[in-house]
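Student: Pulled from TrEMBL, these are the listed features:
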COMPBIAS  A:1-12  compositional bias 'Polar residues'
REGION    A:1-25  region 'Disordered'
TRANSMEM  A:32-53  transmembrane segment
TRANSMEM  A:59-82  transmembrane segment
TRANSMEM  A:94-115  transmembrane segment
DOMAIN    A:159-380  domain 'ABC transmembrane type-1'
TRANSMEM  A:163-185  transmembrane segment
TRANSMEM  A:197-224  transmembrane segment
TRANSMEM  A:236-257  transmembrane segment
TRANSMEM  A:289-307  transmembrane segment
TRANSMEM  A:362-384  transmembrane segment
Amino acid sequence: MTTSTDTTQRGSAPQPGGTRKNSLTAGQMPRWTWIAVAIGALVLAAGLTALLGGGSFSWTGWLIFAAVLYIVGMYVTTYAIENKRRATDGIWRNLVWAAFILALIPLVSVVWTVFANGLPTLLANPQLLWTDMGGVTGADDIATQNEGASLQGGFLHGLAGTLMITLMATIISVPIGLLTSIFLVEYSRGGWFSRSIVFFVDVMTGIPSIVAGLFAFAVVELFITTFIGESPRHVQMIKMGLTAAIALSVLMIPVVVRSTEEMLRVVPNELREASYALGVRKWRTIFKVVLPTAMSGIASGITLAIARVTGETAPILVTAGYAAATNWNPFSEWMTALPVFIYRQLMNPTAPAAGLPSADRAWAAALVLIVIVMLLNLAARIIAKAFAPKKTGR
Amino acid sequence: MSKRIEAIDLNVYYGNFLAVEGVNINIEPRSVTAFIGPSGCGKTTFLRTINRMHEVLPGARAEGRLLLDGEDVYATGVDPVTVRTQVGMVFQRPNPFPTMSIRDNILAGHKLNGARMSRSEADGIVEKSLRGANLWNEVKDRLDKPGSGLSGGQQQRLCIARSIAVEPDVILMDEPCSALDPISTLAIEDLINELKNEFTVVIVTHNMQQAARVADKTAFFNIAGTGKPGKLIEYDETSVIFNNPANKQTEDYVSGRFG
Ligand SMILES: Nc1ncnc2c1ncn2[C@@H]1O[C@H](COP(=O)(O)OP(=O)(O)OP(=O)(O)O)[C@@H](O)[C@H]1O
Ligand SMILES: [Mg+2]
């Protein structure tokens, strides 16, 4: 008796790979539900937009309607087929995605606009990269706009200026920032002095960049009028690449301090102790154990700080002025940075009557600037990878 | 070389908190001494005073005398760095330098101090230290790979090799096996037995069998209650501590009747 019951039961047991439904997945929506809801939302939204638009069809309106309908539709469907818990879970997921896409729109559209406007000009006139505006007059631009002559000039001076000014700013701010954060993390024991440094660094983070420019101007002015001279010729000297670099350092230092501080704090204390226990002095421990361990984060923090100041316009305009010719010397004469070049070309075109060639140059310069910033960000990632402590050795 | 450690009326503080009180102990050179006792009784704290690692923590200080072969480590004018070159330390968790290869980890004590040495000299130190830590055969083919790519037990032996590479007189080990499997633990215990031919070894452990296996002498620390200072209760031959202790607290602890 018992044996036969056993057999029947075993016979009805689910076969591996059989078609019986898994009870764990019962009551779930089919996988294609979201596609169906999406199509429904798109179609419905198209109808709504056409109806409300009264003749003219708005693409943006259509997408917004579709997104809202999709989110609501998914919620209702999930609620009906599954349960409330899953529906709530789904609506939050969809909202997070919507927020993400919304955040991405400005970025993508900026990059798109700059590429669409700048790339054709740059491809047609690659000489923009290696000529400056020296000798280019309004007549040239009028000829370009009206008679189809080739685009004159370029922004080599802007590239040179951006390069030199940023380089100088980096040379000034990296040692100061690094040493400050080393002091904060390794030497200070949380006294009033270190707390006030942290406070002022935080305040500096929020300084408007134009104020940094004015500050740098004032400092250099003070220095030059006190130690060199007060004649108009000397006052002329204030505006130079170095002054702009000082202004940018004011903006960079707090970023470097904060990111380095963060990185130094995550270096495990065990490593410092391991080094001390080998009889290694504190400064050697810091420079040979702590800094190398944190190097990837520090380097990428610095690169991001550089990327951040490369795009500054106002502080450079008030400190380095604007020149038409290439100047590689940051210690004398006015210097143009790329953002300043863009600003000037758009606001004061070379030929006031024919602004298009200037606008073309500005867009091309904007493209180059964006590419530089992107490359710097990429460099930050590569540096972080390259310096990162090796985790496995097999 | 190997040195005698003597503590005379040593009090150890964290700020105003007296963590360890009145330690008097005399540790023979070329011997293994185990520190045992309940958690929080100050074994680590006392161990770290021996190589002046204790004062690395803000506010931490020690009072009293601690002699290395008769010379007071806490005398005025003594450079803690000099003390630490003579007294090496192995920590509870293996902590190889993550940016360095196995080879550079061994040479860290020399290189971080800016010592210059020839390639062959360095190779000699690396091989000798790794052999000393019973790790040579396992890593000799990948000396240039990162030290953090080793297993936990190997990493701990790498840390031991790193500390013997600077040829200290004393090696302190704070629960060196607590993160390791029984096999690696055995490897390290064997190693400790060999190390005592050259060094004075002090080991903190929560494992009584381990203390019984490796230590010549054992010190039992205890604490009267939370917030009270830890004290050295009894210090004697390991066999006496485990079989015939003089103190009731020791007997309760080693027989598991503690608390
Ligand atoms: N950094 C510190 N600051 C303040 N007090 C501390 C610090 N480290 C340890 N203590 C205190 O000192 C006392 C002794 O601690 P210690 O770490 O030496 O104990 P232990 O015997 O090593 O314990 P365990 O066996 O758990 O490692 C404890 O009361 C502990 O709370
Ligand atoms: Mg401990």
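Yeah, the Cβs are placed from backbone N, Cα and C, and that goes for glycine too.
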Student: Cβ under 8 Å to the transmembrane segment (A:236-257), counting only same-chain residues 6 or more beyond its ends: which ones?
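Tutor: Answer is 161, 164-174, 176-178, 180-181, 184, 201-202, 204-205, 207, 209, 212-213, 215-217, 219-221, 224, 228, 301-302, 304-306, 308-309, 312, 315-316, 318-321, 327, 329-335, 337.
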Student: Residue list, the transmembrane segment (A:59-82) vs rest of chain: Cβ under 8 Å, 6 or more residues beyond ends.
Tutor: 27-29, 33-34, 37-38, 40-42, 44-46, 48-49, 52-53, 90-91, 94-95, 98
Student: Within the same chain, where does the transmembrane segment (A:289-307) have neighbours whose Cβ lies under 8 angstroms from its own Cβ atoms, ignoring anything closer than 6 residues to its ends? I mean 6 or more beyond.
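Tutor: For the transmembrane segment (A:289-307), the far contacts come to 166, 169-170, 173-174, 177-178, 182, 186, 252, 255-256, 259-260, 262-264, 266-267, 271-272, 274-275, 280, 373, 376-377, 379-381, 383-389.
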